[in-house]
Amino acid sequence: MGNLPSAAKHCLNYQQLLREHLWSGDSVAGALDAAQEASQLPGLPEYVKIVEVGPRDGLQNEKVIVPTDIKIELINQLSQTGLSVIEVTSFVSSRWVPQMADHAEVMRGIRQYPGVRYPVLTPNLQGFQHAVAAGATEIAVFGAASESFSKKNINCSIEESMGRFQEVISSARHMDIPVRGYVSCALGCPYEGSITPQKVTEVSKRLYGMGCYEISLGDTIGVGTPGSMKMMLESVMKEIPPGALAVHCHDTYGQALANILTALQMGINVVDSAVSGLGGCPYAKGASGNVATEDLIYMLNGMGLNTGVDLYKVMEAGEFICKAVNKTTNSKVAQASFNARLE
């Protein structure tokens with residue numbers, strides 16, 4: 001190939017490049033170095049809370065049942081990364097979501113680390129009661145902005161779901177158990193197509209009014225763009241303050257990080273993600289996984305935003321679960337790291 005230019009001879013390999021960009025150490029502890037401070041973009045929150053949904057939303061769509069001990073080990077590994085919220089399981093009927101049939105065993109088996117919250121999903125009062133009996137101290141309810149999706153996902157209309165949620169939330173508040181609310185199909189539905197921002201706002205407002213401390217707005221099938229994200233959030237934020245909102249983006253069309261950046265620029269500072277980009281949706285064929293936690297942290301680190309999460313440790317947890325379920329990671333950052341080790 002002839003003589004290479006001297007600059008090319010000294011080109012950094014992937015591993016060196018990763019070390020330049022995968023910030024940890026002081027940033028994990030909450031302090032930013034000079035380079036990180038210089039990279040901060042104006043108008044963005046200084047801190048972003050990441051809600052890790054891999055053990056629940058990420059694994060629920062796996063066709064092969066993941067052994068309970070693998071789920072427990074994944075959660076325990078994630079608990080040591082600096083993540084403050086890890087959604088661990090769902091107290092739904094095993095007939096509808098067989099992957100979550102071991103919810104009580106998972107709750108009993110995990111080690112609950114100080115400073116980490118472990119919410120679970122509960123679709124109705126019975127699920128809530130089972131969750132509390134298993135030791136849950138925080139729950140979430142999951143509604144939809146699409147009538148068709150609500151009927152497919154939780155087997156009832158939106159109006160009927162609100163009645164169920166009111167029962168759950170009232171019981172939870174009586175026991176001082178915080179409740180998070182999910183709104184699926186916030187940017188599109190696999191059955192109805194486009195969903196109006198007004199519909200998303202209506203459902204979100206009702207959940208917030210019932211007492212949900214935070215509303216997570218989900219792009220369930222990953223069709224959103226920064227433009228549609230902006231329009232939806234502008235509508236919802238007329239009724240709910242940005243500090244009580246989160247975004248939950250799937251990456252079907254490769255728009256998740258762009259959509260998240262849009263949300264951050266609008267004042268949102270809570271983002272859902274899944275280790276290794278695990279996930280999909282059992283009621284939305286073709287939907288790919290959640291935005292990968294590794295890729296999200298990499299982007300946030302690169303903008304000088306603090307998450308308190310150690311990216312290296314998240315990648316280790318991702319490598320563990322991908323080997324356990326015989327999958328290739330969906331995280332671009334993890335893929336780059338793996339390729340670097342092959343050099």
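Keep in mind that glycine also has a Cβ here, set from the backbone N, Cα and C atoms.
For reference, Swiss-Prot has these:
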- Gly2: N-myristoyl glycine (LIPID)
- 48-315: domain 'Pyruvate carboxyltransferase' (DOMAIN)
- Arg56: substrate binding site (BINDING)
- Asp57, His248, His250, Asn290: divalent metal cation binding site (BINDING)
- Cys281: active site (ACT_SITE)
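Structure coloured by features recorded in Swiss-Prot.
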| residue | record | Cβ contacts under 8 Å, 6 or more apart |
| --- | --- | --- |
| Arg56 | substrate binding site | Glu87, Val88, Thr89, Ser90, Met100, Val120, Leu121 |
| Asp57 | divalent metal cation binding site | Glu87, Asp272, Ala274, Leu278, Gly279, Asn290 |
| His248 | divalent metal cation binding site | Val53, Tyr182, Ser216, Leu217, Gly218, Asp219, Val271, Asp272, Asn290 |
Arithmetic mean of per-residue pLDDT over the domain 'Pyruvate carboxyltransferase' (48-315): 96
Three-state secondary structure, His248 (divalent metal cation binding site) (per DSSP): strand
Asp57, His248, His250, Asn290 excluded, remaining Cβ within 8 Å of their centroid (divalent metal cation): Val53, Gly58, Gly218, Asp219, Thr220, Cys249, Asp272, Ser273, Ala274, Gly279, Gly289, Val291
Collapsed DSSP category at Asn290 (divalent metal cation binding site): strand
His250 (divalent metal cation binding site), number of other Cβ atoms within 10 Å: 29
For Asn290 (divalent metal cation binding site), the number of other Cβ atoms found within 10 Å of its own Cβ: 31
